[in-house]
Amino acid sequence: MEPQRRELLAQCQQSLAQAMTEVEAVLGLLEAAGALSPGERRQLDEEAGGAKAELLLKLLLAKERDHFQDLRAALEKTQPHLLPILYLNGVVGPPQPAEGAGSTYSVLSTMPSDSESSSSLSSVGTTGKAPSPPPLLTDQQVNEKVENLSIQLRLMTRERNELRKRLAFATHGTAFDKRPYHRLNPDYERLKIQCVRAMSDLQSLQNQHTNALKRCEEVAKETDFYHTLHSRLLSDQTRLKDDVDMLRRENGQLLRERNLLQQSWEDMKRLHEEDQKEIGDLRAQQQQVLKHNGSSEILNKLYDTAMDKLEVVKKDYDALRKRYSEKVAIHNADLSRLEQLGEENQRLLKQTEMLTQQRDTAIQLQHQCALSLRRFEAIHHELNKATAQNKDLQWEMELLQSELTELRTTQVKTAKESEKYREERDAVYSEYKLIMSERDQVISELDKLQTEVELAESKLKSSTSEKKAANEEMEALRQIKDTVTMDAGRANKEVEILRKQCKALCQELKEALQEADVAKCRRDWAFQERDKIVAERDSIRTLCDNLRRERDRAVSELAEALRSLDDTRKQKNDVSRELKELKEQMESQLEKEARFRQLMAHSSHDSAIDTDSMEWETEVVEFERETEDIDLKALGFDMAEGVNEPCFPGDCGIFVTKVDKGSIADGRLRVNDWLLRINDVDLINKDKKQAIKALLNGEGAINMVVRRRKSLGGKVVTPLHINLSGQKDSGISLENGVYAAAVLPGSPAAKEGSLAVGDRIVAINGIALDNKSLNECESLLRSCQDSLTLSLLKVFPQSSSWSGQNIFENIKDSDKMLSFRAHGPEVQAHNKRNLIQHNNSTQTDIFYTDRLEDRKEPGPPGGSSSFLHKPFPGGPLQVCPQACPSASERSLSSFRSDASGDRGFGLVDVRGRRPLLPFETEVGPCGVGEASLDKADSEGSNSGGTWPKAMLSSTAVPEKLSVYKKPKQRKSIFDPNTFKRPQTPPKIDYLLPGPGPAHSPQPSKRAGPLTPPKPPRRSDSIKFQHRLETSSESEATLVGSSPSTSPPSALPPDVDPGEPMHASPPRKARVRIASSYYPEGDGDSSHLPAKKSCDEDLTSQKVDELGQKRRRPKSAPSFRPKLAPVVIPAQFLEEQKCVPASGELSPELQEWAPYSPGHSSRHSNPPLYPSRPSVGTVPRSLTPSTTVSSILRNPIYTVRSHRVGPCSSPPAARDAGPQGLHPSVQHQGRLSLDLSHRTCSDYSEMRATHGSNSLPSSARLGSSSNLQFKAERIKIPSTPRYPRSVVGSERGSVSHSECSTPPQSPLNIDTLSSCSQSQTSASTLPRIAVNPASLGERRKDRPYVEEPRHVKVQKGSEPLGISIVSGEKGGIYVSKVTVGSIAHQAGLEYGDQLLEFNGINLRSATEQQARLIIGQQCDTITILAQYNPHVHQLSSHSRSSSHLDPAGTHSTLQGSGTTTPEHPSVIDPLMEQDEGPSTPPAKQSSSRIAGDANKKTLEPRVVFIKKSQLELGVHLCGGNLHGVFVAEVEDDSPAKGPDGLVPGDLILEYGSLDVRNKTVEEVYVEMLKPRDGVRLKVQYRPEEFTKAKGLPGDSFYIRALYDRLADVEQELSFKKDDILYVDDTLPQGTFGSWMAWQLDENAQKIQRGQIPSKYVMDQEFSRRLSMSEVKDDNSATKTLSAAARRSFFRRKHKHKRSGSKDGKDLLALDAFSSDSIPLFEDSVSLAYQRVQKVDCTALRPVLILGPLLDVVKEMLVNEAPGKFCRCPLEVMKASQQAIERGVKDCLFVDYKRRSGHFDVTTVASIKEITEKNRHCLLDIAPHAIERLHHMHIYPIVIFIHYKSAKHIKEQRDPIYLRDKVTQRHSKEQFEAAQKLEQEYSRYFTGVIQGGALSSICTQILAMVNQEQNKVLWIPACPL
């Protein structure tokens, strides 16, 4: 509003408010004009009388907009007589009742004087200024001025007309209306005031009447409620009366029964008295008879008669006594029942009284209602009286008006008044003249204004058009605004992200500032150094001049060298040819020398140890400190503990355990580097902390002296110059590494001839490729114009001799030098400089390029696999009978290797070099497989033993990277001459991963290498962090071997599942029969003691085992071909049965059948300790090797990783089946071995069940974790082969399939079948029956076979998800399990037999009966199931074999994880069948014996231990994640012994306690309990033990119920209600603490540390509880010591403490009070609560509790309709039993009873709303939350908490809560909320403090969003 108008309105505010009468009309017009908002109108309506007008004017003055015109228009329409007050600030009385009424004086008195008139007229628009208008006026001002003038003109015209009338009346003496003017009578004013008062009273009475009507309606409603309540109470009372009558009738009946019983009792008593009398009579008769006749016979007869009668009476008496006792018992029961009924009657009487009281209360309320109705009638009567009085007052007012008319007529008669009128007339004339003059001025001004109005109208039209355009622009701007709003939302999110980034950047800034300070210090030091450098610069300049002259000379020499390049190439080719010839000539001599040295080395093991130092090299590594506060993480490596926790058993050195890729240490340090010194600090016998201290204390650079394995292969950097001659493409394809992937034929690179596929490219045109990506390298190749200079890294295998450089290497070196000289010194120097620039470490013993191989590559050069080994080429391998190699394979290319070859999983090199580290891969396109095919290397390195050597050579290569070999032809194993003892035992060649402790007594035909074994304390890989001892008992079974002439020491020591797989002091090596996979590249794999195998495992390989499972001398170098990683599954060490096919076995042979074949008995050693007295055990023997310990630190690999073992050893091992080492049918012809990996689904199709090559069940299991590689095929020669032949044939074997999940048979089924059937010798083959009762019976995700188990299913409303069928011999079986169903989640499997269902026996039920039983509706289902898949399978799948192993009935489904029998070949993989005639009965029996022994070993067994001490002496590992395993058994333990526990045993039961899902701490506590003897059920499962060993074995989540502040660094601090993830309950064997992770809101791990265990905290609570009891007993007389008050807790809540010192001391003990820790209930832990993680993908329902629920829900739905939706209640007309049954069946959540129906909340409606992506607002009672939890629905429960009922009453909202909450209603809601909070607070997700409704809704929205994004934790089973 303009200031002038605001001032004018403020001046006349009071007078205008007093004069305004029709306020309601004015308000209506103002509201219609938009001057008043609805809220202001409601505010004005609340006011009454004159205050309303005054408030209206105040509101108008307070508004910013100008509503003055609206007020003027409203007054003009309703009360025009008030306009002078508005404009002239005058005081005008009420309007006259008629025109011309009133005296002339009163009219004229209201008119202003001349001065006032002029001033008031001139003040319109401009107050206090001249009347002339301003020169420039706006359109709005002009319009307002025109309107004001027109109003004033109308007023003046009206006044003029009235004055004319008065003037005429004064002149003529009469008025125009014939009525004289009279002054108002004072009584009229008084009556008018009384009338106004009466009208106000009438209005108040109307308001009271309205309120009374409302109250009456409320009372009527309450009356209806109480009527219904009364009727309900009456019905209850009637029912209770009926009950009482019924009870009375029952009481009367009982009384009648009591009377009858009492009467019968009296009859019985009377009969008893009669019987007594009769007995007395009989006695009297007897005495008389005795007196008269003393004959004994008569007496005896009488006596007998009496006794008979007595017996009859006694029986009757007993029957009656029994009946009497029963009646008495019935009577007592009736009495007790009568008493109960009496008590019930009393209770019902009390209830009736209560109901009567309630009825009386209702009657009182009814009386009150009647009184209120009477009161209402009285008020109505009073209202009628007031109306009558009002009519009387109106009649009196009319009389007064008539009297007023008479008074006016008398007034005219007075002469004095006429004189006055004349005088007044003169004054009026003068004023009229003045007004007319002013009117002329106004008219002139109006003319001017008219012209201005026309201009304004034209402007208005233009402004209208502009307004339309502006509206269009506004609409566009509105759209832009919407988009901007959306962008603003996105921007807010981005701002939040940027805020977080800003925080991180701030932190980085702080660190950068700190680093800047450090940099300043360094800068000062740099300035000092710069001065020194400046001084040295001058001297360097002179040196630079000299170097420049030398460079010019070198450039000229380079030009000369390039000119002679062609001649040099020709010379190179000639020298290469000569070199090949020299190689072939020197090989035989070198092999003889090597073999001689090897045999000489056998006499002393010390020689191997002395040469150990030749495998090591010392290197100085330097790091540049970037900052002062550097740590291991910044350097990018980690180290082992050292002395405190040795990385390897017996070796306390500090080793590098991890090197981060891309870090500072990458390329400088390697895994398993031995740190000798750091910054001149000796680290011998130091621990990790001291090493870190030495690392951090250094200033400037960090110098490390490390010791590592030498890389003994020769590596050469060969420069290559390619002349592109205008061609754009060089023809070279690269792959990650950087390696040459392919060379395009005819390209410039192919024409040069020196570049081969697999060569590593170190530099391009002098630019090092060390840190360049593949794209950058390719761009460098493309950027070359005319010429291309490459630096190639070629790796050549070193000779197997340890005696220095031999002739072959000298020739090779000469070849290198030729290559270097051909390319000139400048390129070499340039490449060398580039290499040095990218590697700061200084190596002392090897060439620069050795470090290039250490860099990790992203993948192998030959394929897309990300694993660090190369696939073997796809070409087949053939074995040729030639004894000498051809020259075609002796080229450098056959020895060529690429740098990626040194990055295997820690493989042991074939040539006796150091084991290849994990970040090295084997060099060469063929990897180890190809390199091992070279005679000079593979034969030399793998020689030893007495096996007849196979002289190997190569044939033509049909395709790239394919090698063919054939072994030497040998006699058939069926030749009877082979059973004769040869004079000279043939040599056996072994390729084991470690040096054997025993040696061959005869020299080999070729010289083998003299590679010493590696130190027994080193390991070169961190891929597998478990340690393995190599000795323990063996469960191997070997049946059908030849007469043993070898010592037990010839047996291959394998990873014994009985030993703990963790670091332990080195023990003497113990050997056993096993065929296991040794860790690749494990440092200890090269020196395992005497790993001599008697079998070959066909389950995972038919080729590579040849390179691993051979006996060889202890000093022979170990060989480990690259294999696919498979964790050792000792569970699948399955002993097989092998029986000879004919009766040629001598008794001696049968006697040695269980033992391993070997060499002559003169090499045997005494056994280390006696083995188990059972068939199939192998005697232990002490090997000649020194004490060693095998440390398993690598994954285990199978042949399917595309590495073919060296064929230098007999290839017969490739075909040795797991059942024996006999020649199988499949090996009689040329077969094809498919070594490709297959998926799990493929495995089921590759199950071989044919003849003697049938695999064990564990060998046929598919594994989803196996690696996928390219398929390769290996040709098997037709020559019958066998792994070893010492004296005669060895056909017995043990198969220990050792893969994480048993692999498939690599043999093709079709090929095997056709070949086996086509062989004529098939009938002579022994039948191999596989023992099906292996540990393979239980897969990781499968239950134990034939072991009943309880399965609990929380069914709810969902289907079970299984299909059932009836067995052939009865029983109900699960034929299908739907994946993801609740049955699948609960653990039901295909093949489960359902024994019981909720306690109902189904063992003999039919399928129809079972379906009826299973179809019953219930919340929780308990099923007793037994895993018997074979019982159902045997009846539905036929077998094609003529003979089945009887143990085959125990076979299990060992498929690839399918739960339905979709693959018939998978149904019974353990059933074996014969292709030829069946085995003779004698042979069958022996195989059954072996199978039974095998079954006894691998099935769960029961161990009885007599506990003579507190501890069993058993070390445990694992936990509830994988199971609790026996890690170690102490020597003095009662569990030690042949029938005791062995490491690797999985504890299934301890006593009567099932420990399958127990933590290791719980099992440990159970073992500590005092017992005389204990029964354990265990199962030997080494493969899972290998996984569980060394890793945390427990896994569960807990909620902390107290606060804890860590005192030590290793401990974990947490707060109450924090979620912790416990992964180790017995860390390092320490009881009393747990290792746990602290989790954030998203269940992500934050920090790991140590926390007190549950048992420790329970003891703490018990102690405190006892202390508090002592406090209560002693009250204030005692105070507890400070030690008793110590705890792990920190007080979170403030307790009310008393003022006394004793009270303060005692209250400090209340840390377990109810506000912080729950109370004791059913042995629940007070410290921790076990919880379960639930991922809520759908939106969770919302349940709001507290006062004003409906209003809040309505507001949420209206304000956020896309987020919330109320759950609709379904109206159901059904019986209450049906509704409750629906609740029980989880169909309904809750229901409310209405009149005649039920309002039901269903689960389907909740899910329907959830599926719409909305939160469902539930309307259920709090007790239904538990039902929702059972249905796996977890609502967000929000409680609205108000401080008092007054706050509830004060809540108002203009839209959602218009009516004020009454006092009673608010009090009831508050009390109900308090009760609800007290009873159900444990379910509350959050509590919101009550306030304004909008604030509550905002808080609910925020809380719902927060809780929806949180991870949900629900209570699980108690700890």
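Cβ atoms are placed via backbone N, Cα and C, with glycine included.
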Position flagged as phosphothreonine [Swiss-Prot], chosen from Thr718, Thr1183: Thr1183
Residue from Ser747, Ser1209 to which Swiss-Prot assigns phosphoserine: Ser1209
Phosphoserine: annotated position in Swiss-Prot, out of Ser109, Ser787, Ser1244, Ser1334: Ser1334
Candidate annotated in Swiss-Prot as phosphoserine, out of Ser295, Ser663, Ser1189, Ser1232: Ser295
Between Ser1666 (phosphoserine) and Ser264 (phosphoserine): CA-CA distance (Å): 61
Average pLDDT across the domain 'Guanylate kinase-like' (1722-1905), rounded to a whole number: 90
Ser264 (phosphoserine) - helix vs strand vs coil (DSSP): helix
Counts of helix, strand and coil residues, the domain 'PDZ 2' (705-796), according to DSSP: 15 helix, 41 strand, 36 coil
